[in-house]
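Reviewing the structure listed below.
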Amino acid sequence: MGKEKTHINIVVIGHVDSGKSTTTGHLIYKCGGIDKRTIEKFEKEAAEMGKGSFKYAWVLDKLKAERERGITIDISLWKFETTKYYITIIDAPGHRDFIKNMITGTSQADCAVLIVAAGVGEFEAGISKNGQTREHALLAYTLGVKQLIVGVNKMDSTEPAYSEKRYDEIVKEVSAYIKKIGYNPATVPFVPISGWHGDNMLEPSPNMPWFKGWKVERKEGNASGVSLLEALDTILPPTRPTDKPLRLPLQDVYKIGGIGTVPVGRVETGILRPGMVVTFAPVNITTEVKSVEMHHEALSEALPGDNVGFNVKNVSVKDIRRGNVCGDSKADPPQEAAQFTSQVIILNHPGQISAGYSPVIDCHTAHIACKFAELKEKIDRRSGKKLEDNPKSLKSGDAAIVEMVPGKPMCVESFSQYPPLGRFAVRDMRQTVAVGVIKNVEKKSGGAGKVTKSAQKAQKAGK
């Protein structure tokens, strides 16, 4: 076996008809966790339904349908392997809650793969003012996905097929607009592919002898290659934020007979260890962690990315809840936010948003109404430059700096310090109307909170 490969998360973005499903389906199909039997079954069904020409997307559609019906599919189906990495596709748009998932998502994507269609008229539709391509790329960048790969898809349907001229034209245009967003095109591999026929997906295509390969230049080291698979191998693996103080947003709290109160959640930053004295915010309760476990096995430490349950002493299941944040009481313990300043981008709101607007904010696992108390300035969404002070209102497409006040006690952090606790989705009318990143947080100076007996003991012993 040797050493396990590093795990990488990618998000696949692009216009609705760019061929995202076919492309991802192809990778999963050829390098992935779908066993031969399932593939044969899918192929047979696809053929019977006259969808033979659609088999890769069909595989993905089947998986998506199962996912949407709430059947949790074997997640290995969304994984595939490259020579260096295990890659998980954490989400692909087209999914109703894609934007919300991308923000509150259980995991941050390490890289975005942008698929653009090269077919006649298709590229133009995707990149036009109201195309989704720009929106998705902007979102990815705003939410901290700083690595990008571009697949120029459907090269088989250009005029003439596999046209170098068309490819060059698209690369030029996409480079210009990802640059406006903030990506540096020199660090972005561009690959001409056909997700359907398989050109340049896993190996060099004989249909594009003119394509000499892609190159990236960056301080971490230059790279080059030909296929999309090779481009995925150039992704720089994430550094786990173990050196930051602990932040663990609670997903649930269970009461387990014979054990007691067991909060469950994912370590976002720092390390959780048994014996540690932790503080829960915004409730301001401090107690000792007795044990930590993952998949029913006791751990001596839990690291960022680990979903764990941990047993806490002298705390009732009524005291803490989903959306609370657990941290180390000795290292920058989490606190309730009195208010926070955010950079917000309005995505799709039918009317005008003015001061006083109070939608629900989804930030990490918290789901709380917050008031847009003050619209401080309207800014250019790409450069961040100020356009006007104290705008009267905001509409779709606008970006602004906004002062926000939670309607109920809530714990959030600045994006620069704790990224997963500093990005949020604004939900209204059953959709994501805006996204935001938190610039700074004014903490509520809490009085003395509740410190349990076991915490006092542990603190004394630790002195």
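For all residues, glycine too, the Cβ spot is worked out from N, Cα and C.
Of the listed segments 70-74, 245-249, 325-329, 340-344, Swiss-Prot assigns region 'G2' to 70-74.
Of the listed segments 1-4, 153-156, 165-168, 221-224, Swiss-Prot assigns region 'G4' to 153-156.
Within the set 91-94, 319-322, 439-442, the record from Swiss-Prot flags 91-94 under the feature region 'G3'. Tertiary neighbourhood of the region 'G4' (153-156): same-chain residues 18-19, 22-23, 115-119, 122, 162-163, 167, 192-197, 199-200, 207-208, selected by CB-CB distance under 8 Å and a gap of 6+ residues from either end.
In the three-state DSSP assignment, the secondary structure recorded for ASN153 (GTP binding site) is strand. Considering only the binding-site residues ASP17, GLY19, ASN153, ASP156, GLY195, no residue lies within 10 A of GLU374 (5-glutamyl glycerylphosphorylethanolamine) on a C-alpha to C-alpha basis. Within the same chain, residues at least 6 positions away in sequence whose Cβ sits under 8 Å from that of SER224 (phosphoserine) are GLY213, TRP214, LYS215, VAL216.
Rounded to a whole number, the distance between the Cα atoms of SER163 (phosphoserine) and GLY19 (GTP binding site) is 18 Å. With ASP17 (GTP binding site) as the anchor, the candidate modified residues are LYS79, SER163, LYS165, GLU301, and the one with the nearest CA is SER163. Fewest Cβ neighbours within 10 Å among the recorded positions ASN153, SER163: this applies to SER163. The DSSP secondary structure for LYS165 (N6-methyllysine) is helix.
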